[in-house]
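Presented below is the structure to which this report refers.
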Amino acid sequence: MSKLTQVFKQTKLCIGYLTAGDGGTSYTIEAAKALIQGGVDILELGFPFSDPVADNPEIQVSHDRALAENLTSETLLEIVEGIRAFNQEVPLILYSYYNPLLQRDLDYLRRLKDAGINGVCVIDLPAPLSHGEKSPFFEDLLAVGLDPILLISAGTTPERMSLIQEYARGFLYYIPCQATRDSEVGIKEEFRKVREHFDLPIVDRRDICDKKEAAHVLNYSDGFIVKTAFVHQTTMDSSVETLTALAQTVIPG
């Protein structure tokens, strides 16, 4: 059982997001420490990209700031190692678009693993479209011991889920239907159908901003993720202590 799957066995979890390099290498390390101290159970680090179209404007700007700080694949490793020097237990996920990882070879993926990354979520790289088709990148992740964190949605068919099963490890991100996301009955039914196909933990991918919304999501999801609220806080106040306080106000007691 992977470390990510194992940690979900203990409780329902909060995943906290930071864009790596936003504010500089040292700041990202200190911000990560602050979120962990605030109670974040899993940390997701965004690999900056020049065209992060799947993210909202505030997250996109954080990518721009990180690139302006000259965040590279090597300084990303330094950030991961810096976080691991502080905490060896909290799982770390790399969130990326495929382009920044496209030219990285198996050795770099192995270095990510050795530095302390546990899983990789590539937002714009789907699982293969047919049985028998292979995904070289997902194969490489598995070869070095990194969990591919895949995404499914309300529109994912049972046939498509069977293809995703081949590579999904750690947990799954679920993107709910807009029409049912605020209906507890509707969203619970969506999750029930997904759980018929997967033994993995399933996390609602919507971007949580407060404790009430987090508590609602935890009624049916194995966890929740906070992205924009944490990124916004880093732009409002360079003091990382405020991140600890913010995490404590978002995570249900």
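Positions of Cβ are set from backbone N, Cα and C atoms, glycine also.
The active site, proton acceptor annotation in Swiss-Prot covers GLU44, ASP55 and is backed by sequence analysis.
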Cα separation, ASP55 (active site, proton acceptor) to GLU44 (active site, proton acceptor) (Å, whole number): 14
DSSP-derived class (H/G/I helix, E/B strand, else coil) of GLU44 (active site, proton acceptor): strand
